[in-house]
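**Student:** One structure follows; several queries about it will come next.
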Amino acid sequence: MGLLLLILASAVLGSFLTLLAQFLLLYRRQPEPRADEAARAGDGFRYLKPVPGLPLREYLYGGGAEELAACSSEAGASSTPTPDSPAPPTLETCYFLNATILFLFRELRDTALARRWVTKKIKVEFEELLQTKTAGRLLEGLSLRDVFLGDTVPFIKTIRLVRPVVASGTGEPDDPDGDALPATCPEELAFEAEVEYNGGFHLAIDVDLVFGKSAYLFVKLSRVVGRLRFVLTRVPFTHWFFSFVEDPLIDFEVRSQFEGRPMPQLTSIIVNQLKKIIKRKHTLPSYKIRFKPFFPYQALQGFEEDEELIHIQQWALTEGRLKVTLLECSRLFIFGSYDRETNVHCTLELSSGVWEEKQRSSIKTVELIKGNLQSVGLTLRLVQSTDGYAGHVIIETVAPNSPAAMADLQRGDRLIAIGGVKITSTLQVLKLIKQAGDRVLVYYQRPAGQSSQDSLGQLEESFLSSSCQAAYEEDAAGLSADTENRDLDSEFEDLASDVRVQTELKEETQPLSHSPKRTPTTLSIKPLGAISPVLNRKLISGIHPPPQKLPSKEGNKPSTLKTSETTEAAQVSKPQGPTFKPPVPPRPQGRVPLPPTDTSAQADPEAPEKPDKVLLPPPPADKPAEKQVKSVDQGEDVAAGKQSSAKQEGVKDLPSESSAPTKDSSDDPQMWESSEVLYRNKVGKWSRTRASCVFDIEACHRYLNIALWCRDPFKLGGLICLGHVSLKLEEVALGCLATSNMEYLTKFRLEPPTPKAMVTRTALRNLSMQKGFNDKFCFGDITIHFKYLKEGEPDHHIVPNVEKEKELHLVEEVSTLPKEEHFVGQMSLSENKHSFQDTQFQNPTWCDYCKKKVWTKAASQCMFCAYVCHKKCQEKCLAETPLCGATERRIDRTLKNLRLEGQDPLLGLPPRVEIEANKSVNKTTGLTRHIINTSSRLLNLRQVSKTRLSEPGTDLVEPSPKHTPNTSDNEGSDTEVCGSNSPSKRGNSAGIKLMRKEGGLDDSVFIAVKEIGRDLYRGLPTEERIQKLEFMLDKLQNEIDQELEHNNSLVREEKETNDTRKKSVLSAALAKSGERLQALTLLMIHYRAGIEDIETLENLSLDQHSKKMNKYADDTEEDLDSEISQLIDSQPFSNISDDLFGPSESV
């Protein structure tokens, strides 16, 4: 009985276990894919990077937690493996590789292709040899008589993987199984192999010597034994190379003849020279960068402008609706480094020509309310063109709280027309304003990125620097005049008649008000693609009704955008909050958008040949016109909130949680701008729902121009181009036609942007010394998906709510900076501890901790948040506020000079105290100071650290405060306000005092250097003098950058070495480097004094202008002509060359 019960229980248990196993196998749920993967799979395509399997990952990354930790720590220090890296215990044999190479060699050795390749390489070496100094003097020519490739190939005995293997920082999660191994493919692979060769490769050369002599040389490679390094890498661009780790053992068989007679005496000389060549070119650290045969796509691409287009019947191959989806960008070169973290965005443009970066500016209109005043507060200057064309008038200064200042006219604005009359001279401006009534309509041009904050807090930006696209551009043409005034003059030929029409309509449509009204103006007469549409927005957005609610950044000043895009006077004259995107000019194009009530919504494509009229913003329409560019951004920031009115600073973007699909705010059907994404770990990824747009391509379109941008962290509203690429639409169309689903996905290498002057490419310095380096490959790549939509096919895929919520959550996690802080352009969101560096400042600087002035201009500055403090305040600052608020600090730094409401002086009566206070802070410094400060922040320029300058037991001699001169450029004491027994004074002032003692320099040296520098080039005209001084300052800045890099490398070597003798050598080298840095600093002060001398003269002239404007404000209108003549006689720029600049005029 018991046996039966046991059998029954076993049967029941077996049945239960069988059913349970079947249930688990058949009904278990599959793991859910990630939100972005599911969305792309639902849309018909998936983009996943190749990843190694677990066995390969164990081989690459070690397979153990301890070894992995060691690899990760070493990977952070250096991306290039060194020969001292730890090796796995076992070595690999490569019999399969040797057999494969031998088989391929046997099949290819005697082919014409292989022999042509070998002879071509040999001839290249001959050409390089003839170009050398020594050989070039003796050799007339080299010719190859015979070459034999040998009967075998190099034999690889053993090979090992060099550790550490650096994983790609793509942000992808690790394996969910819990293995502590990177899931991504390596960024760099390096192998070391023991190689032996005795194949008998030889070649015979005929040599033509000078004086008609000839010689014969036979060289045979008998034996080679050595250790070879083979590297595959993606940094900074994809390439490979091989080189010997150390000097190999090489045996040569050499025979030489001179005029038919043997010359055995030359054998040893030739062998030694061949070994030196191998050591110099093919032994680490020297190598040749190679692309073929693994990466042939890295070759440069050209554009053929005259090629014929492909047509199918009467339609061009490219015509249709093209959906473009941005996937990711990687390896971007940002501010001289590949490891920066910042926000990037992309612009796409359809054009008939390749991408070209040009000056961006906006044409604006303002209504100037003159009232009963006889002066509007403007000082003008006529800038003559160097190419023979008529000059143009620019605004030199704007009096505070004057009618011009209330109308938001700024220094550097170019006046185009007044009251419908084109401006050609300053006298014409004076006459037109005098003849006008209480109100006058002014057309002016302003560079992109220049805002009202620049006029209040950054008056040092002159009109010369505003012609540059960013603070790092070096444009010599901008020093004399606007380089594009020929094109601008042609744009305004028909302006006069159009302005009068606009004035009449404006009076009917706009209510009467005492506030100045501003209306953006769009001019479109240039051919398609004449100007690059970098972040362009149409200034006319009346075609589409604006959103109903736009939250304001300042709660007490709600902003209501009208269709005519006018702003009230309070918003014009008061400093507004910074914009999320800077206003930029419209894209001149052939087809002009018209109001939706018009039957002809688009003009003929050939319209560029006809001058277009100035367009007026139409009244609000019932329905928006159908756009040709549609954004399929679900959950994207509502771009319609980014209206391009002249005063959009008070407007925020709508919340990104909007669930309905929105359309891009740009009215340009050929332009689209993506949302910003965080770029870190050498990669930036777009979400599918935030990076798709649809273009309607027509026959006139030939290229899709793509550009990547980031914000300039040192200039409000500034943008820096990181790279661009122009794609032929025919190639895209052919790629889509290759598959039936009409999709095409590929990666494009970015072309370099316009060269920047002061960006030192530190990350590329070592690599650029190698043969085969091309800096055009160093600007990263972008991966894009294309799809031609069929007729009737929807332009976007409806994502389920669950997947959308997951994706929005994923986007929030990777998200970038708060929207209020985007304009600051900080490099990282995370709060870091202060990282202070000793910095030499050029501008008057105040301590952010004790709020007192840094008299020596040498203080400590945080690398992340630009926090400045005295060296004596550094310890207190770290104790109280160890974390740096990068966002708050930069906002405060940017806005600290803005005046608050109610603090402006009365009209025409600026107090003397305010002028004197602003003179010390907001001195007109021109381009030089801004470039120097920017370069200093980027490269963290600092003096020699205390630890390298001081030795134990050195006595410090404190100078008496009475010997400290009253100057801002000398090396005075930072601690004059403290007592002589102050511990902060004794401890933290040691660096400067010790440098002064060791270098043998005191205050008199700095004073003498500065005083002598004030007389530099004084006999030259002002512009020529500025150019010479700035050239020398740029040259010195580059020298300081290089010396600092050399100094830092010596410090690292000194810390790493344990050899006492080597340490002493490095200490001596550090001392010499410190002396050189000190000498370069003195030279910088020397030449900087010349610039300050020019600024002092200009400030004195501006003071005279202010006095005269106050005087003229009380005079009558009948005396205006005589006052103008007096002002011309006493204008402060009479020493400037008359062929470039005319006299300044005050209005």
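Positions of Cβ are set from backbone N, Cα and C atoms, glycine also.
Computed from a predicted structure; not experimentally measured.
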**Student:** Of the residues S455, S973, S980, S1106, give the one that Swiss-Prot describes as phosphoserine.
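**Tutor:** Residue annotated phosphoserine in Swiss-Prot: S973.
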**Student:** From the set S402, S532, which residue is assigned the annotation phosphoserine by Swiss-Prot?
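**Tutor:** Among S402, S532, the one Swiss-Prot marks as phosphoserine is S532.
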**Student:** For the feature region 'Disordered' as recorded in Swiss-Prot, pick the matching range from 70-91, 158-179, 356-377, 1126-1147.
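**Tutor:** Range annotated as region 'Disordered' by Swiss-Prot: 1126-1147.
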**Student:** In Swiss-Prot, which of the ranges 105-156, 729-780, 833-884 has the zinc finger annotation?
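**Tutor:** Swiss-Prot lists zinc finger for residues 833-884.
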**Student:** Tally of helix, strand and coil residues over the domain 'PDZ' (365-448) according to DSSP?
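**Tutor:** Reading the DSSP string over the domain 'PDZ' (365-448) gives 14 helix, 34 strand, 36 coil.
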